[in-house]
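Undergrad: Once you've had a glance at the structure underneath, I'll fire off some questions.
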Amino acid sequence: MDGYLGVIVIVAVVALLAAGGLFLLFRPGRKAPPPVKPPETPVLPEEKRPAGTGAEDEGATTTLPPPAKPAEPVVVEPEVEVPPPSAGRMVRLRSRLARSQSALGRGLLELLSRDRLDDDVWDEIEESLITADVGVAPTQVMVEELRTKVKVLGSRTPDEVRGLLREQLLAQIGPGLDRTLHVRKHGERPAVVLVVGVNGTGKTTTTGKLARSLVGDGKRVVLGAADTFRAAAADQLQTWGERVGADTVRGPEGGDPASVAFDAVAKGTEEKVDVVIVDTAGRLHTKTGLMDELGKVKRVIEKKATVDEVLLVLDATTGQNGMRQAQVFAEVVNITGIALTKLDGTAKGGIVISVQRELGVPVKLVGLGEGPDDLAPFDPEVFVDAILGD
Ligand SMILES: Nc1nc2c(ncn2[C@@H]2O[C@H](COP(=O)(O)OP(=O)(O)OP(=O)(O)O)[C@@H](O)[C@H]2O)c(=O)[nH]1
């Protein structure tokens with residue numbers, strides 16, 4: 001009996017404990033367990049974040065790495081050259097002139113130094129000057145002046161003869177002519193240089209060399225390839241420009257040159273460069289055709305800017321033939337200066353005198369070689385000294 005009682009007591013105690021436990025577990029007001037925290041968004045290091053994962057992406061739960069992009073082709077920028085300034089170039093290139101022109105100087109000095117200066121000698125002097133393309137009228141003026149001065153002098157030392165000839169040559173070249181290249185900006189607007197001339201005279205190379213020389217003088221330049229007749233001319237010009245960091249505006253082959261010129265001036269104005277140089281086509285098909293073409297180019301440019309220089313490129317080696325072509329250009333457009341190319345390749349330096357006389361404008365630039373920096377502002381004294389030697 002005692003055994004039964006013990007079991008009953010144990011069962012009652014266990015039941016009481018179980019009831020107490022259940023009460024504690026489900027009593028009213030018990031706090032809910034804390035919410036399970038979601039795992040934190042993995043933070044990518046800055047350089048690994050895909051583009052656009054900034055503040056606008058906050059709240060995103062995952063950040064996937066960007067899909068691998070195809071590798072961009074590497075564009076190699078051409079190296080930009082720093083050309084030398086234009087000042088003093090003719091002195092540097094003097095030896096080229098001396099090589100091509102000194103025969104003329106030596107011949108004249110020898111003739112003028114003779115003891116007896118009879119008519120035959122004067123005829124020879126005249127012939128030397130005409131052969132050197134000085135032109136008939138300037139030659140006659142020079143010979144007359146020399147005859148008078150020699151008479152006054154009587155006997156002549158070599159220095160005196162040299163002095164006389166130097167004075168006469170310089171007088172014919174015109175040391176006082178304004179040879180400044182007008183490339184000064186007009187406020188915000190660039191200066192505009194129009195380059196005209198027959199193809200083959202070195203027009204495109206001269207345009208490229210001029211751009212280099214202006215960049216060498218610290219100016220910013222835009223080129224206009226308005227010679228749309230010859231696609232190679234535009235390529236050539238662009239290459240010249242790229243070498244010195246000047247942009248080239250070009251149009252479709254056979255396109256309207258005036259439209260290219262207009263776009264070049266518009267770009268130059270927009271980019272506030274100093275000078276826009278426009279290379280034109282020089283087709284001498286008919287005079288009216290040329291006049292229409294160059295006239296239109298000029299008119300169109302003048303809607304946006306002023307044409308400050310019209311440079312005529314003339315090949316010094318073509319003599320009288322080149323001069324006739326030059327005259328046609330002078331008749332259709334108002335030329336302001338001459339760029340005389342290939343002066344290193346001819347003994348006929350007298351063309352400087354005759355071309356100025358025939359066209360009534362000064363030689364402003366001379367080409368003295370094929371090198372990129374072989375275009376120089378023309379300096380009459382250096383020229384005459386190169387002819388006469390030291
Ligand atoms: N020796 C020398 N060569 C020059 C000079 N100016 C240009 N040349 C060269 O003459 C060559 C022929 O030039 P051009 O046939 O006139 O060709 P371009 O320069 O494209 O001229 P365009 O046909 O008028 O556009 C080129 O190799 C030039 O380098 C110069 O002053 N001296």
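Every residue, even glycine, has its Cβ placed from backbone N, Cα and C.
Taken from TrEMBL, the feature transmembrane segment applies to 6-26. Residues annotated as region 'Disordered' in TrEMBL: 29-71. The compositional bias 'Pro residues' feature in TrEMBL is assigned to 31-42. For 197-204, 279-283, 341-344, the entry in TrEMBL reads GTP binding site. The domain 'SRP54-type proteins GTP-binding' annotation in TrEMBL covers 362-375.
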Undergrad: Checking proximity to ligand 1 here: which binding-site residues out of Gly200, Thr280, Arg283 have their Cβ closer than 6 Å to it?
TA: Gly200
Undergrad: Does DSSP give Thr280 (GTP binding site) helix, strand or coil?
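TA: DSSP call for Thr280 (GTP binding site): strand.
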Undergrad: Taking a Cβ cut-off under 8 Å, which residues six or more beyond the ends of the domain 'SRP54-type proteins GTP-binding' (362-375) line up next to it in the same chain?
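TA: Distal contacts: 83-84, 89-90, 93, 96-97, 174, 177-181, 202, 205-206, 208-210, 212-213, 216, 240, 243, 311, 316, 337-344, 352, 355-356, 383.
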Undergrad: Suppose you look only at the domain 'SRP54-type proteins GTP-binding' (362-375); what would the mean pLDDT be?
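TA: The answer is 97, the mean pLDDT of the model over that range.
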Undergrad: Here are the binding-site residues: Lys203, Arg283. Which has the lowest count of other Cβ atoms within 10 Å?
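TA: Ranked by other Cβ atoms within 10 Å, the binding-site residues Lys203, Arg283 bottom out at Arg283.
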Undergrad: Of Gly197, Gly200, which of the binding-site residues has the most Cβ neighbours inside 10 Å?
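TA: Going through Gly197, Gly200 one by one, the largest Cβ count within 10 Å is at Gly197.
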